[in-house]
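Working notes, structure below.
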């Protein structure tokens, strides 16, 4: 017999709920890692020189696209096939950008913060916080500002497989953001620190422990619900085995928690790398990139 009326409607809803529940398990099974952070700079060669000489990064690749009036460069501490890197974008004729109040910093781990700071100082770098233990803790950190005004936190740690270890963003509702990134991207909370005296809380989310991989650091400042995004920082890219299924998950999560898909899944014209992109409830953008296509692109 064919179910009718209210019973049929209830059955369909139950099936949809079960289907969504199965789909929401996908990010936890998927093969994911942070690929790169994308942001804009006013002088590409100046930034490459600063990152290689002061931070010890390697220039991995550089390309110029004159017909579209931009150039970019990829820098990091190891090959893109296995390491998180920065992708710098230079738009012809644009020499400065507004970083806004929402973007926080990038993190670099090093066995000796004091030595790295002295090297940066000797090369004319801007040290905005001298090396010292973090407030209320023992980890030694320092802060440095690059030529475009981006802040880098230098974190003292023993040798690590991923020295480019953090991207910090400020959010207006921490619990909502945690839930969003856990559900939409399969990230897990690897550390949480509440600092009531300083009136902020930070949470680190990653695909492995913070000593082993790059993490997303979300900062909530008590009572602050909105930040300006500026036009400097663009996005992070994360790998996936299936951009279509991943986009379905994000679509479900945005309906519950906010945010939206900004690019439907599919290949980039002329490049054929399959991607999808979305913004979180605070407007921070993430691009999901097909694993196999990304590796082909690097070849």
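Cβ coordinates come from backbone N, Cα and C, glycine included.
What TrEMBL says about this one:
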type	residues	note
ACT_SITE	153	active site, proton donor/acceptor
BINDING	87, 105, 153	Zn(2+) binding site
DOMAIN	33-157	domain 'VOC'
DOMAIN	163-291	domain 'VOC'
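The two recorded residues, residue 87 (Zn(2+) binding site) and the residue listed as 'active site, proton donor/acceptor', have Cα atoms 18 Å apart. The DSSP breakdown of the domain 'VOC' (33-157) into helical (H, G, I), extended (E, B) and coil residues amounts to 24 helix, 57 strand, 44 coil.
Cα separation, residue 105 (Zn(2+) binding site) to residue 153 (active site, proton donor/acceptor), rounded: 6 Å.
Mean predicted confidence for the domain 'VOC' (33-157): the pLDDT average there is 96. Sequence-distant neighbours of residue 153 (active site, proton donor/acceptor) (same chain, 6+ apart, CB under 8 A from its CB) are 105, 106, 107, 108, 141, 142, 143, 166, 168. Its Cβ taken as reference, residue 87 (Zn(2+) binding site) is surrounded by 21 other Cβ atoms within 10 Å in the chains shown.
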